[in-house]
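Working notes, beginning with the structure itself.
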């Protein structure tokens with residue numbers, strides 16, 4: 001069907017109004033995630049007709065949400081009877097900002113009254129996470145002033161990532177009270193109830209917008225454009241030269257050199273970080289020479305575009321041993337915590353040496369959006385790598401551990417990585433992954449491409465009593481896709497392990513595609529309702545280009561990168577061949593259609609230290625809803641080992657329909 005110029009122009013203007021109004025509403029909604037309870041007060045009547053019109057406007061805005069009453073009550077009580085969505089948002093935003101300040105003061109007061117050290121840490125952790133949510137709100141609100149129609153697709157994708165991260169912040173706040181004394185945890189849970197509901201509502205509205213825009217198939221909405229050389233615009237000329245170099249620091253002098261032998265400017269990483277420029281928009285490179293660095297490192301939110309380059313994952317090692325058993329929250333046990341966006345690490349080892357007996361002990365926690373890890377090693381036992389939130393890419397890395405050693409709520413892709421199972425405590429099971437998606441609309445999940453699952457010799461000696469599984473659902477909508485990966489015989493025929501009873505078995509999203517090895521057979525896999533069989537079209541949506549918009553920010557970083565499907569997948573991509581050399585212990589794979597399924601050898605050897613630049617073509621596609629077939633549920637595999645469990649999420653949330661809500665969009669026509 002064709003439209004005249006006036007109709008088309010009007011239609012585009014309407015899309016813009018819809019988007020701006022909705023996005024602003026979401027910004028307001030997410031601000032509330034810092035734990036604000038909005039003041040309750042009775043407003044003077046402005047006239048029955050005016051009130052009715054305002055109530056209708058609020059109801060239309062709240063139509064797609066799961067917690068509709070919370071949405072409506074919040075806007076009606078603070079909306080000054082306006083029918084303008086923009087004014088509703090501005091009013092609520094101003095009220096929320098004031099309440100954020102009040103809530104921060106209140107949390108500080110509660111913390112000062114606590115005697116239990118774990119409770120005090122949990123409250124301080126909540127305060128930190130609230131601060132992150134508020135910062136993200138402010139940045140997103142400012143960016144709305146730069147809104148352009150052709151950037152609509154990018155805006156919606158980023159907002160879904162941001163709202164997913166906000167949900168992670170809320171959940172992590174409450175998780176910190178596990179094992180605490182007193183009622184501080186229940187107090188915070190009640191304080192955050194409305195905020196949590198409003199955040200899920202915000203994600204519902206943005207998801208509705210994404211579905212609507214996707215249906216329209218409007219040309220010109222693929223927004224993020226690479227420069228002619230194939231680099232994102234934020235990578236400056238010096239950074240491009242550095243990241244292209246065969247040896248990452250051979251022809252470009254790093255900004256800072258850390259060396260324990262005194263040959264650099266600083267002997268510790270933390271000393272060096274004091275001199276990293278704040279809120280920098282260009283790359284800042286820290287070369288960390290060989291050595292065992294026993295220190296706890298935090299790349300805070302002001303350290304964006306930071307690059308760590310080591311001398312090899314077995315030579316440059318950052319080591320710690322904080323753990324849950326010694327009274328520290330899981331979130332705070334990380335040896336290295338990375339919050340600043342656009343972080344890159346190459347040729348570095350990270351470890352937590354607390355041991356299996358100390359339970360949760362994180363080596364690295366990653367909250368950095370568009371972060372990259374190449375030729376790195378993450379060693380630990382339980383909860384080794386905490387991929388907390390945002391978009392992350394891991395290439396040629398090794399992750400070792402015992403229980404849930406790869407967990408979190410990030411949208412993370414792992415290419416050509418080794419997942420190395422270690423010996424746990426006697427008779428403990430070893431589920432490898434535990435993804436923590438709380439809402440089905442979150443654009444998060446784990447994707448493994450061309451990886452290898454292997455076991456250390458000590459584990460192989462006890463594999464009959466310490467059974468390994470691909471993963472288990474940490475949260476109700478846990479999502480993990482494993483494709484073109486070598487699965488050994490010690491992975492149980494059931495494949496997946498339940499968390500507790502039937503928790504999440506109907507709502508999780510697990511799929512296995514074109515895997516190899518003696519443990520890859522699907523005949524005896526669990527048949528929970530959440531186990532998915534993906535079509536060829538669906539599989540493409542979980543490749544890096546589409547799933548984490550990787551074509552926008554990974555190419556040109558000196559990191560091997562396969563944009564689409566690997567060889568051996570149905571309809572394997574042919575756009576971007578991976579020209580990198582294979583890491584020792586792995587088979588080379590390319591994007592060549594028609595090749596046999598890859599079967600990388602099970603050696604966990606590290607990849608070469610040299611950085612390799614890649615050719616790149618292609619553009620990112622927006623994430624879209626995926627329809628999958630599901631099988632019937634059967635009895636669960638053997639019971640999960642005893643471990644601190646997560647509270648069951650609230651009532652099930654229906655997956656957003658691809659059909660737009662008529663009442664929601666009618667108010668903008």
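Each Cβ is built from the backbone N, Cα and C atoms, and glycine gets one as well.
Remember, it's a predicted structure, so these values are computed and weren't measured experimentally.
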| note | In Swiss-Prot, substrate binding by 330, 472, 474 extends, among 298, 360, 449, 494, to 360
| Across all chains shown, how many C-beta atoms besides its own are within 10 angstroms of the C-beta of residue 397 (disulfide bond)? | 26
| remark: DSSP, reduced to three states, assigns residue 383 (active site, proton donor) to coil
| note | residue 397 (disulfide bond) sits from residue 382 (site 'Transition state stabilizer') (Cα to Cα, rounded, in Å) at a distance of 18
| said: If I take every residue in the region 'Pectinesterase inhibitor 21' (52-205) and average their pLDDT values, what number comes out? | reply: 76
| task | Work out the three-state DSSP category of residue 397 (disulfide bond). | result | coil
